[in-house]
Amino acid sequence: MNALSATNRNFRHAARLLRLDSKVETSLLIPYREIKVECTIPKDDGTLASFVGFRVQHDNARGPMKGGIRYHPEVEHGEVNALAQLMTWKTAVVNVPYGGAKGGIGCSPKDLSISELERLTRVFTQKIHDLIGVNTDIPAPDMGTNGQTMAWILDEYSKFHGYSPAIVTGKPLDLGGSLGREAATGRGVVYATEALLSEHGKSVEGLTFVIQGFGNVGSWVARLIHEKGGKVVAVSDVTGALKNPNGIDIPALLEHKEKSGSLSSFDGGESMDADELLAHECDVLVPCALGGVLNRENAGDVRAKFIIEAANHPTDPEADEILSKKGVIILPDIYANAGGVTVSYFEWVQNKQAFMWEEEKVNYELKKYMTKAFHSIKGMCRTHECNLRMGAFTLGVNRVARATILRGWEA
């Protein structure tokens, strides 16, 4: 099941539990605005290349719309739509005053030079600058984009609207980025994990963890769990998979990956088949990579007691049912990986105030937001007698529905 139909299914289930009016339900599903633009740029060799850019603005009942921009060959309308909708519920779950948006350009960043990427980003910004804004829609980095991409958007947007650092988040520090932003998603995952474990009378210390994906999020999760006394017994990424029953030395592995660019040939663990990683013996499994990795074929083999969804949509609905029957507790992506958007909100607040926070304050506020959100989700679970995924969806959908009705949606 693809991301859009899974998101719609979860939304409809939440709407039934909340007994939403059918007209409100329909209006919440329909995006506010969908933008499609052609971006034609001269390439370095003098030829012209054309790329299609999208921006889906889903909902602005609770505040400006917020969401990443991805550069990937498979960016297509349905996926962008699903991710925009997911951002609406995600921002509501952690109670930051945003709605959801998502965008992207169908391109392969590794096949473009830096100057071609800059031209493409600037043309895209020129086409959408009057439809985004500090109080309208605030982009951020996503797959295939980074702080440099945001710097180009900021510069191009500022040519039309004056210097506007709050137009994007995930910026370089020198242009008004926030301390703690780089680690935010991974740190949020760890705070969410701690909140869940303490509910079950456990803590990170002494538990075993398996981490799938060792990019920005996975490597920060591993580092922070290691610092808190947890034992990371297996990790994987596109370059390979490693295991060590006594726990991998994460700082040494990070250093090795920094130097060699891969996990393979690290002597602090033995290599293993990446496909076996999800079924590896552990207390907590943390998928940090792609969607749909847990499906009906492999869900029965999972031996973890807890799954923390650091990736977007890593568990198919069929896998969800199999795992629930086995008694595995799943902390849903809509909450678990919301640390990134929460610190993006802090960055936006700092830009609007023109006053930067210390990193300790960023991390303190992040922990406060993530912990509070977990208790709100548990409250919904008790009210509606549902699992954590539905607890999070009912919480998010209910907050957006209430804001929509208060603002007078029929007017």
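Glycine residues also receive a Cβ, built from the backbone N, Cα and C atoms like all the rest.
Neighbour density for Lys66 (substrate binding site): within 10 A of its CB lie 28 other CB atoms from the protein chains shown. Taken from TrEMBL, the feature substrate binding site applies to Lys66, Lys90, Ser344.
Within 10 Å of the C-beta of Lys102 (active site, proton donor) there are 30 other C-beta atoms, taking all protein chains into account. The active site, proton donor annotation in TrEMBL covers Lys102.
Under the heading site 'Important for catalysis', TrEMBL lists Asp142.
All protein chains shown were included, and the count of other CB atoms within 10 Å of the CB of Thr185 (NAD(+) binding site) stands at 24. Annotated NAD(+) binding site per TrEMBL: Thr185, Asn216, in sequence order.
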Have a look at the recorded positions Lys102, Asp142, Asn216 and say which one has the shortest Cα distance to Ser344 (substrate binding site).
Asp142
CB neighbours of Ser344 (substrate binding site) within 10 A?
27
Within 10 Å of its Cβ, which one of these recorded positions (Lys90, Asp142, Asn216) has the largest number of other Cβ atoms?
Lys90
For the substrate binding residues given in the record (Lys66, Lys90, Ser344), what is the largest pairwise C-alpha separation in angstrom?
13
Taking just the CA atoms, what is the gap between Lys66 (substrate binding site) and Lys102 (active site, proton donor) in Å?
7
In the same chain, outside Lys66, Lys90, Ser344, whose C-beta lies within 8 angstroms of the Cβ mean position for the substrate site?
Gly67, Met87, Thr91, Val96, Tyr98, Gly100, Ala140, Ala338, Gly340, Val341, Thr342, Tyr345
Cα-nearest neighbour of Asp142 (site 'Important for catalysis') within the listed recorded positions, Lys90, Lys102, Thr185:
Lys102
